[in-house]
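Below is one structure, written out as structure tokens, with a few remarks after it.
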Ligand code: AMP
């Protein structure tokens with residue numbers, strides 16, 4: 001072991017488990033790719049002000065959880081705690097909203113950083129795949145995103161997840177609700193910290209996980225009862241559209257989520273096998289965010305799904321993904337001449353798209369066969385001087401143990417047809 005360990009709250013993705021993470025990212029991206037979403041990649045850090053304004057000065061993410069740094073040049077940067085603000089910043093900077101028709105549909109995949117108290121499912125470095133549809137107000141777009149996330153989870157074989165849905169209102173009706181909620185909250189018996197929250201971000205108080213607080217919230221006014229006609233109709237359309245595609249959801253009138261920028265549609269995907277960190281993904285509409293970061297009015301909607309927690313959800317449900325073999329063929333040369341020939345053959349197989357590996361390090365037959373076994377290869381190719389003199393190699397089926405002699409000139413096609 002080296003003197004160093006991965007920093008607290010982080011872990012390394014190593015084979016073979018890492019293959020599952022790649023497959024999860026791919027499964028989430030696949031429905032997006034066939035729905036008109038283009039891939040975007042932004043830097044791992046941004047100007048700290050982007051998140052302060054975009055995510056919200058009063059959120060835990062900004063006040064407590066950001067990794068911030070001052071560069072030698074005096075720039076104030078933050079490791080990105082989430083994707084939406086960066087993606088919107090990049091889209092505005094590249095004028096994507098002016099370049100073609102709206103919405104601009106983008107997807108991304110990457111690392112995010114939050115200084116949180118580590119526990120199972122909550123890390124300081126984690127991975128998300130996200131999607132944003134920028135510049136259109138259309139219930140069908142909200143519905144599309146919810147359906148695509150649902151399809152992604154289903155394609156992975158997950159069953160025990162639930163979709164929670166709510167509307168957070170808009171600039172017209174939310175302030176009225178906010179004032180009513182503040183009135184109600186001020187009459188409760190709450191600690192100093194929570195009282196302060198009533199002034200800055202009263203909706204977040206609804207999110208408080210403590211029993212003593214939740215008990216007092218029983219009679220709290222609900223945003224549902226304050227929605228303006230526009231928001232109510234919009235929400236009804238979203239519900240209708242996802243229901244029509246057979247996607248089941250639950251209305252959660254208290255769902256507010258931890259970021260300030262959400263308006264109207266808000267949703268979360270939760271998995272019941274994960275304990276306290278049950279949210280596997282979430283998102284919603286953020287009609288005001290573009291203006292908050294200095295852009296034009298661009299009503300938008302998006303989500304981010306957590307890769308780490310999706311993998312935990314697969315484990316909780318006992319789902320094993322059908323992953324392609326890392327190695328299909330493993331070459332075991334006996335002697336110098338055979339090393340040259342089989343090394344060339346491995347190159348040829350790879351060019352033909354066959355996953356092939358080689359017994360490196362001059363191993364003897366026994367150690368080389370052990371390596372072939374460990375690699376998970378379906379077939380081993382073994383050849384020594386006598387085989388080569390006859391123009392053949394031995395092809396060993398690693399499952400049945402059967403071995404046959406195959407002419408060197410036919411080995412590539414033979415393997416291809418055997419692997420189908
Ligand atoms: P959020 O931006 O907080 O809505 O997060 C979206 C998704 O990212 C969550 O549903 C989680 O799956 C994942 N996520 C957020 N924070 C963490 C974390 N600290 N560790 C692992 N996954 C996280």
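Using the three backbone atoms N, Cα and C, a Cβ is placed for every residue, glycine included.
Please treat TrEMBL annotations as automatic predictions, because they have not gone through curation.
Of the listed candidates (114, 237, 239), TrEMBL assigns 114 to the same L-histidine site as 82, 83, 84, 128, 132, 257, 261, 262. Proximity to ligand 1 at the level of Cβ atoms, with a cut-off under 6 angstroms, picks out 82, 128 from the binding-site residues 82, 84, 128, 262.
Considering only the residues assigned to L-histidine binding, 82, 83, 84, 114, 128, 132, 257, 261, 262, the longest pairwise Cα distance works out to 21 Å. Here the binding-site residues are 84, 128, and the one with the most other Cβ atoms within 10 Å of its Cβ is 84. There are 21 other CB atoms within 10 A of the CB of residue 257 (L-histidine binding site), with all protein chains counted. Following the DSSP three-state reduction, the secondary structure of residue 257 (L-histidine binding site) is coil.
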